[in-house]
Every structure is written in structure tokens, then in C-alpha cells.
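Notes for the one structure printed next.
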Amino acid sequence: MLRRFAQVVFILTVLVDDIRSQRSSQDFGDGEMVYSCAGGQALFPWEAELGANEVIVHITWTFQGVFSTVTMATFSHHALFVSEDYEDRVQQVGITGIVLSKLTAQDTGNYSVELSAHNSSSFFFTTIRHATLQVGDKLMAVDHRVRASQLAEAQRDDVGRWSVALACGHFTHLTQPPFKVEWTAPSGDTVPSTRYEDGHFILVLSNPVKGGNYTCSLPQLFVKDACADDMAAREGRTEDTVMVDETKARVSLLEAHVVSLLEENRDLQNTVDTLKTVDDRTSHRLEDIQDTLDKEVSGRKAADTNTSRTLGSLDDRLQNEISVLKATDTNVSHILSSLEVTLQNETTVREMADTNTSRILGSLKDTLDKVVSGRKAADTNTSRILVSLKDTLEKEVSGLKAADLNTCRELASLEMKLENVGKQTKDLSGSGFSFNARLSSNTKFNPGKKKLQWDQVILNKGSAYDPNTGFFTAPVNGLYFFALTTRSGTSFAADAEIMAGNVRVCRLDSNVKPDVGSCQGAIELSKDQQVWVQSFEQQTSFEASHSTFSGFLYTFPLDCTGMVTPWYGFDATLSSNANVASNARTLQWDWAIFDKGRAYDPDTGIFTAPLSGLYFFAVNTRSPTQKANVDIMADDVRVCRIYSKRRNDAGSCQGAVELSKGQRVWVQSYGTDNSYRASSSTFTGFLYTHSLDCADLTTQPSIFNVRLSSNKNITSTILWDEVILNHGQAYNPSTGSFTAPVSGQYFFAVTTSSYKEYVYANIMAGDVKVCRVEAPDRSDASSCRGAVHLCKGQQVWVELMHKPMPFFLGEDSSFTGFLIQADSD
């Protein structure tokens, strides 16, 4: 409940002494970073510039945490109202600024102020500003202490020379901290840091390197800014020393210089080889051009001679034609007279022909009478043949009666098998197994394959997933689908793979930092077989807010008669890296991890629909050197697209589509100069249902696939206005929301493509975040997906976050989802 806290504008008089390291209102822009310590205060000096005739309608201050958004205070009708949770903690500064006091670590998050006003013409307008607050409860560094170290590899200084570099950190600030550290050299001199990167202040030593102890320390002036207490200073946790061996340092510089020279030599050699090739091609080309010119000149001379001759010949022929025409005029008169005589002769001949025709018709009548007599004789023979056929058919009927007895026995056996399958189907459809889990905190791994423990559960229908181990255990034999989404930090990759025993379902691999990526795949599991996510062998990091692991059991699809439809699903990858220079070239996924129903052809890379129905497909790619853009095509329908201008980037997309029996689906390159890494690229799909518009089914299938019809500026909820598939009509293109037709387990996925700026978005189910997608770079593609339980009537949509101004989303962006399993009555 909001309570009235103060009238009109509450003016603060003393702030500077209590709020250190805060910016003034003159340079406090939108999206600023604010740091403070537990127990202290944070100033957000937002300024609102209003004209003389502009009147404030209301002001709202909002806090957005990891899982919820809270209204802190509202200014309306000349009064300030503060929520009960923030009473005695929020004070207004100026018009839109605030001070938040009594801080705790839980106050870390995103803050915004929204001002609505109107002018004398009753024109309403809204202004929104954002800021991010990070609160430290102890020294804001890993293990709450400062550590100094020497970087393993030499660094280049400002003029490009190789030098030894030292690091002081590791500070946990989201951006560069509001303080600096001091370095004390072996000589006792104090020197400043060279730069700050990835949580460390870097000191590049001057050449020649002087050996000895180098000490990094927090100056007393900045101890409180780093949230360090007096105990940390007394225990020596605000400084650290690293020993630099002068001889080893110089050897490392020599090694770096040698490696650099070797690389430059290779580059020069490649350039020389390229120039030689170009020179040879140019020489050959010049020779070809000279030969062509010589031939053209010779041909032109010969053509001129022939032209003169031809003109003389044409003049002679023209004179002859004139003479012939003159003679023709005389002959025409003679010909007309001759034609008149001929016409009279033709009339006489026609009269004679009519007499002959009458004679011929009489002869044909006699012939027809003879044919009728022959047909009567043939009818007698036909009767005899029919009697013979009747005897033969009676023998065939006797044989069929004997065969019917065997068929009846076979039908009884098939009915028993069908009853057993029905029991299995009932068991599976009555349970349902699906899960969606995320990390509760950011996770880093040293080199080596480590299993991730997804300990924060969003959905765990059937309890087949164990958050204590990160393992999913198959409860029954069947076809399963799994998906993974991760985000890396700025220092390390977030490379991971989904494993089912010793089988890799899919791999997420990106050489870009930071980056958000996804992968997915279908696989057939035996009961008690386990599935998990593990990191690569290199050093990796995973951000909790963007990383999810989900999966579900694909239940037996039924047709309109209640009969079980056979399974059809596949998961395939490339056996080797592929370089594709041309557009719209079909990729051959020649290594099938599994192919249930044999509808996928690894020799062509094409899936052929065995039945008419609704299907779901997904692809993820990673380029080792170039781009890795693709389209999933169903004949002339684009199911989804991966589009990114970044090189060495991972991407994925997915979508549902309705197919007729025999219709084909494949993946083709989009654009030119693409390359695809075999170990990190997969193509998967399965039949969702064969039952279309069956009135007798208890639960109708619900599945959709939508995208943007063109590049658009989006401010909040994305309205996906181009519908590819909307079976069940649960998606509303006017609102951009999906409404659950029944209570049950659902699966959703989104792919965004940014063109001009960063993109941050969530799939929201009420106040539950299903998954988060982030495109941390311009012209980048990113995806996320997850499972969630919905009650009937609950809505799901994709919502942008963080930024008040419009995002520019590309037409390659898409949103898809479907019902996994309805709740049993």
C-alpha cells in the first residue's frame, strides 16, 4: 500500500557529505552506473526540464530486481507517496531525482523514473530515465581481498613495444570502479595503473624491466569507496605484493618478440605469395586481351571488305527486282483471265462428285448390315465366356473364405498389441515429464569438463530433474527434447554441451565475448538414462540471469481415431566443417545422431514429411572464421532464420510449421561467405501431432510460429504480426500474447535479430521469467527457450527490458511455442 509521505516537492539540503563518489545532475545521463555500500545511501540525480506551460501529471520511481519489479514511490496531485517497503528510505531530490538510504545487497538492480506531463494544448508526453545500482556489503573484490599478479603473456605498451604487465584485482564492479589503486615499485616510487580491464587494474612496466617487489594497494582515500572496513585494512586485504624476476621477465619479452616476428613473417610470406599469384594472373590476362584485340581488328577489316561487296550485290538485285515487277504487272492480267476459266471447270467437276458420293453411301449401308450380323454371332461366344468366368469366380470365393479365417486370427493378435500400446500411451499421457531450470548465481570453471548444477527450478513436472546434481533421469523409454541457453562474460566464453551418456546432443560454442547463445536437440532415451550439461575444456563462465536448461518427454501423438501415430524425429550434425560461398545452398547434415522413423535423409540433408501434420524444427550454427547464417525452409516457406554480421559467432532459431505428406524441409545458407563448424552445428525436428481439427480429441493441439513482417522499432511488448502457423488460435497478433487454452506444460522459444543497437528481452508468463535473450552487440542474433506450467487463461509474451527508447528489431526475429502436455483432470 502506498502512503502519503510529503507534500509538493521534498527538498534535501545536505547530501554531499553522506553520498561520496556520486555524479552531479549535470553529467548524470540515462543508463548511468551507481556504486554504494551496504548501510549507506545512493543518489540518482535525474533532472527533468519542463517548459513554462508544462504541468506534471505523475512521476513513478521503479526498482527492477532479478525476479520482480516494484514501484518504490509515486508523485501525483502535488503529493509524494512512498510504498510501505521503502518508507523512511526514499527522499525526493528536485523534481525527478531520489536518494535511497539504508542500502543492502538486495538493492542491487535497475532503477527508473517515469515522468508524465502535458502542455497548454493538452498534449501528453512521457520521459523515462534509467540507472543501475550495485551495492557491496564487503570489499568489492573476489574473496573480499586485493590480489596482485603477473600476467602470463607479455603485453604491448602504448607505442607497440612488448612489455611485462601486472594485474591488481579481481574487483567485482560491473564497470570501472569509482576509485583507483596505487602501485609501489621496488625503488619506492608510486606509479599509476596503465588501464582497467575485466575487473583488474593493469600496470605495464617500462623497459628495461626492473626486478623486485611491486605492491598494489587501495589508497586510504578510496577504502570506503571499495566498501572495505577497518578490519580489512588491518588484516592487509587492501593491498598485495607480486615478485617480478628480472631475468625471466626479459626472457618472456624475447619470446613474445620472436613469436610476433614469426607471425609477421608468415603474413609477409602470404602477401608475397598472393602478389605473385595476382601478377601471374594479370600477365595471362593481358596476353588474352592482346590476342582478343588482334582478332577483333582482323575481323573488323574483313567485315568492311565484305560490307562493300554486299552493298554492290544488293544494288544489282534491286535493279533486277524492278524489272521483274514491271513484267509481273503484264502477267497478272493474263493470270486473272486464266483463273476465271479454271473456276468454271471446278464447278462442273463438283457436280460430278456429288453423283459419286450417293453411290458410295449405298455401298456403306450394305457393309453395315454385314457387321450387325457378325456382332450377333459374337454375342453367342460372349455368353459362353461369362459362364466360364462364373465358375472361376466361385473357386476364388472359396479360397478367400479360407484366407478370411487366417486374417481374423491376425486381426485378433494385432488388437492385443494395440491394446498394450494404448495402455503405454495412457500411462505416458497421464503423467508428462518436463523441466526448466536456471543457475542461482554466476558460475566460472577452470579448464576441464565440469558439470553444471542448475539449482533454481522454474518447472519440474514429474520430478525427473534433480537440482542437487543437475541431472535429468529418463523416467520411461521415449523421445525427448532438450534446450540450453547461456551468456558469457567479457573475459571468458560460455561454451557448453548437452550430453546423454557418451552421446553429445548439441554443443554451444562462441568465440565472441560477451555473447548469448543457444543449442537444442531431440534424442531417444532408455529408462534411467541420464542427461546433463557440461562445460568445455577451456576456461568458461556462465551468467545466472541468462542461462537456462530445459527439456521434456515427447508423448505418443494420436490421430483423430485415437490410434497411435508412429514416432518421427531426428537430430543430425555435420561430419566436417563446411565453407559455403553462395546463397541458398542446401547444407548436408550427413551425421545422424538419431533418425526415428527414417524420414530424414543424411545423404541430401532433407527431411520428408511421412504424414500430414504439425512439425517443429530447430537449427544452431557456429562459424569458425566467417558468418554462419541460415534459413530453415519448408518448400517456399521460411520457418526461421539465423542472421548475424558478427564473425566467430554462435546462433540458433526454431519454429513450427504445418506440412502435407511428402513436403520437404531443409536448411540452406543465407547470404554469401558463410562457414559452419561441425562440432557446434545441429539440425533437429519432430512430428508434433498428426491430429488436425479432431472434434473427438479431449485436448486439441495448440502450437504457433510468428515473426515480424518487417524491421520495426519496438518499445515494450513485441507484436509479432506475421503468422506462419497458429493452430488452435491461441496466439493474438493484435496484442502479441499467447493465451493458454488449457492448464498444462508449455514450451516457448524466441529469436531476436538486432540491427542498430543492443537488444534485451524476456519471455514472460505473468510475473515468471521463462528465459532471457540478449544481443550484446549490434547486428547480432540471439535466442532462448524454456518450459513453463500455465493455468488456463494465463498469458505469455516477449517483453523488452532496460531501455526506454525503441529497439530496432529485424524481420529475422521470431517467436514460437506449443502445448507439451495438458494437466489430467
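Cβ coordinates are placed from backbone N, Cα and C, and glycine is handled just like the others.
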- Could you tell me which of the ranges 251-278, 391-418, 531-558, 559-586 is annotated in TrEMBL as coiled coil? 251-278
- Message: At a C-beta cut-off of under 8 Å, are there same-chain residues at least 6 beyond the coiled coil (251-278) that contact it? List them, or none.
- Response: 153-154, 162-164, 207, 209
- Query: Taking all residues of the domain 'C1q' (697-825) together, what is their mean pLDDT?
  - Reply: 82
- Would you mind splitting the domain 'C1q' (697-825) into helix, strand and coil residue counts from DSSP? 0 helix, 74 strand, 55 coil
